[in-house]
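Undergrad: Encoded as structure tokens, here's the structure I'll be asking about.
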Amino acid sequence: MPLGFASAILAALVMIMKFEPTLLTDPASFGTGLLTSNPGTGPLYLLTQKIFDLMTEYVLISVPLFIFMAALLERSGIAKQMYDSLDFWLSRARGGVAIVTSIMAVLMAAMSGIIGGEVVLLGLIALPQMLRLGYNQNLAIGTICASGSLGTMIPPSIVLIIYGLITETSIKALFTGAFIPGFMLASFIMIYIIVRTQLDPSQAPLPEPREGDPEGGEKLLMFGGFVSVVATGIMAVLIAWTAFLTVMGRNDPSVEGFEAPLVGMTSDLPWLIGIAVIALAFIFLVAGRQRTASGWEHGKGLVPPLLVIGIVLGSIYGGVTGITEAAGMGAVAVFLIAVFRGEASVDLLWVSMMRTLRSTGTIIWVTIGAATLAGAYTLAGGPTYIAQLIIGADMPSMLVILTMMVILLFMGAFMDWVGIVLLIIPVFLPIVKRLPIDEIGFIGTLSPQHVAVWFGVLFCMNMQVSFLSPPFGPAAFYLKSVAPAHISLTDIFRGFLPFIGVQLVALAVLLIWPTIVTLLL
């Protein structure tokens, strides 16, 4: 909140110096200048109208809903049971607990799109486990913070929502464009963990076998049985959804204004039924009922997270609801799961709502302050000046974009992402849109209508780095709040460094191959 007020005060000074500097030298002249003489008109009116328009955007309601969902997940036992299920399947692999942590972070990111809560939760659940098993401290710290920050990239990311609001870019398109890069970054983190632990096994000692644990092919068959049960359930839901669309006439291409759903056309039925039949055949003919039942018992902790992800992302991409409604449905789903598990209580709701109120209040005040400063900066002609300065430098297009990336990386180390998206993106995006489209990237050519989406995903990847960047990387302070006393901030930042390199590799992929963002668009 202090950042929001500081931004607003700075905005007031910019407006006064540009439009009514006499207020600084002669405060008694208030009411006689361009800024104050005609309330409801002039630059001050334009500024307040900009803030009002931003604060009344309907999709902004999704922010507290996603935060509330994350708070419920953090304080219920859903996340712990998910971790236990993943740990059962992967803990006997080299570096398995670190990989489990990364997969859990991906699932949590796909549920709520919140960053801080993920790092704290992983620090509480995964860090003690990895340290107890003798994992290298730097590996454990870096895995938790790098994976816990994936909520920046993986839909439904709040960073993408705010970027879409500010730049008037389709949030659904941003979510779709970020899907592959987000999971690409997650896979890079897991590959790094695997390579590092294979090259130096002492970094991740194998845990002692637990009594009664299945081995080799037995565990594989159990896992196959569990996956087959989940696949059968998903196919049954999708078949029922297709039948509903058919009865209601909502998948008829002849209807005016028809937009094909991701899944739900009658042409989808053969492969939906085929997958269901294959899954059932595996259960009864290969795995067997007993193995499948045992696999379900150990894997059922993954079902609630997958259900929430299906509700949130499925309702968006299935054309059922918009972003805001999907966030509301996800929050209700998490609460109902907590009720079903017997974990719902007045205290759970109260603590979750208080955290939501504090987090949302911080975001809103920072947004108001940064929007005020950005508006004042725009009215003062700042973006035009910077744009002319960059374009006038006559640099190659990729050098312009690389310069922007360096600026964003530097500012991300010292400034909150909300302030950056409100202050810098309105300056940078128009410049990027004016660059020759065939000079952006080295592999493939972007379509002009996808430039804003690509730059939004690029910005989010950049902010992913900022969450780990010293000296003010937020992830370090989130983890420090729950880490053992012997782990210092210096230790945490030291553990980050290799993972920052992994993030920079992912950023380079987006710069070299920009059309990766458009593969699903």
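Cβ from N, Cα, C; glycine included.
Predicted automatically and left uncurated, TrEMBL annotations should be read as such.
Look at TrEMBL and you will find 6-515 tagged as domain 'TRAP C4-dicarboxylate transport system permease DctM subunit'. Under the heading transmembrane segment, TrEMBL lists 58-78, 98-127, 139-166, 178-199, 220-249, 269-289, 301-320, 326-351, 363-386, 398-431, 451-472, 492-520.
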Undergrad: Take the transmembrane segment (492-520) and find every residue of the same chain, 6 or more past its ends, with a Cβ under 8 Å from one of its Cβ atoms.
TA: 137-143, 145-146, 176-181, 184-185, 188-189, 192, 196, 398, 401-402, 405, 440-447, 450, 453-454, 457-458, 461-462, 464-465, 468-471, 473, 475-476, 479-480, 483
Undergrad: Taking a Cβ cut-off under 8 Å, which residues six or more beyond the ends of the transmembrane segment (220-249) line up next to it in the same chain?
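TA: Tertiary neighbours of the transmembrane segment (220-249) are 89, 214, 255, 261, 263-266, 268-269, 272-273, 275-276, 279-280, 282-283, 286-288, 291-296, 298-299, 302-303, 306, 310, 318.
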Undergrad: Can we call the transmembrane segment (98-127) and the transmembrane segment (363-386) in contact, meaning three or more C-beta pairs below 8 angstroms at a sequence separation of 6+?
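TA: Checked: the transmembrane segment (98-127) vs the transmembrane segment (363-386), no contact.
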Undergrad: State the residues, same chain only, that lie 6 or more residues beyond the ends of the transmembrane segment (398-431) and have a CB under 8 A from a CB inside it; answer 'none' if no residue qualifies.
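TA: Distal contacts: 3, 7, 152, 159, 162-163, 166-167, 363, 366-367, 369-371, 373-374, 377-378, 382-383, 386-387, 390-391, 439-442, 452, 455, 458-459, 462-463, 465-466, 469-473, 507, 511.
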Undergrad: When each of 326-351, 363-386, 451-472 is checked against the transmembrane segment (178-199) for Cβ pairs under 8 Å, which one has the most?
TA: 451-472
